[in-house]
């Protein structure tokens, strides 16, 4: 209520952001498929021919529009509303991919998507609010904090190890490799966006922000993190199923952004036991969702395969046994019984005609 009419503006911006971002995955994938049909070097193999594909650029522009709408939504609505609504992009992408890319998720995959979205939502709800920084100087103090510097060095080391050693060997066989690189380095983009916003705010106020080296460091960091994120996201989309990439990317990116922001802005100092339990429950739900997405992705299982109890009734009307089978198996058994009855009828007719002769 405190947000007034702006609350509904923020709600509309957040929903439109999810629609744009979810649709951008489909446009990028279509563009990559068009390039693959032409025989060009694929993005998964290190090619950059997608820079000449107009459909890929349409997807990039659409994603940019979605991110801009998401950024504006925070100015009108609370973060506890805007951030969970980002999960709608997963659902939009899954629905559109089923219509335009002929991609399907089995029942386990759909359950994994739902669990991942629920877990991310729980984390966002229980995560502390981002601590605001007053100016660029305050941002510089936080960036020089030993804990954040240690975290940044570890993330960069892990990312370089994934880029130069793991990705060339297992990147095309494991969806987590490319998306992990996107998420680990992409998390820095949120901090850089915050810093660039302070630069713009200071410039508008007449402060000499362009004379500070931190200004250019933040801009370069934003360009590097976003370009790396786009590059490896394209590799993941080119090799793996879109309905698989989208939820995994959302979960990992959201988790790394929350972790990076908590370390940089010291949000964890204000966490109470209820928030800690909520964060742990959210992480557990995310892990369960990712397990469902990966462990059963090659199993053809749908609602028609769900088991049911089948009763065998004797001649006297008494239930003799109860067996546990599936709907599809029961249906197939009925079909086989009908076929056998038809075969018996054919043979019985042949026997009768033989007796007459």
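Glycine residues also receive a Cβ, built from the backbone N, Cα and C atoms like all the rest.
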Among 32-49, 230-247, 248-265, TrEMBL lists transmembrane segment at 248-265
Kindly say whether the transmembrane segment (175-197) and the transmembrane segment (248-265) touch, using the definition of 3 or more Cβ pairs under 8 Å where each pair is 6 or more positions apart.
yes
Contact set of the transmembrane segment (209-227) with the rest of its chain, CB cutoff 8 A exclusive, min separation 6+ beyond the ends, reads 136, 139-140, 143, 185-189, 192-193, 195-196, 198-199, 202-203
Tertiary contacts of the transmembrane segment (248-265), defined by C-beta under 8 angstroms and 6+ residue spacing from its ends, are 83, 86-87, 89-90, 116-117, 119-120, 123-124, 127-128, 130-131, 133, 142-143, 145, 147-148, 151, 155, 175-176, 179-180, 182-184, 186-188, 190-191, 233, 236, 283, 286, 289-290, 293
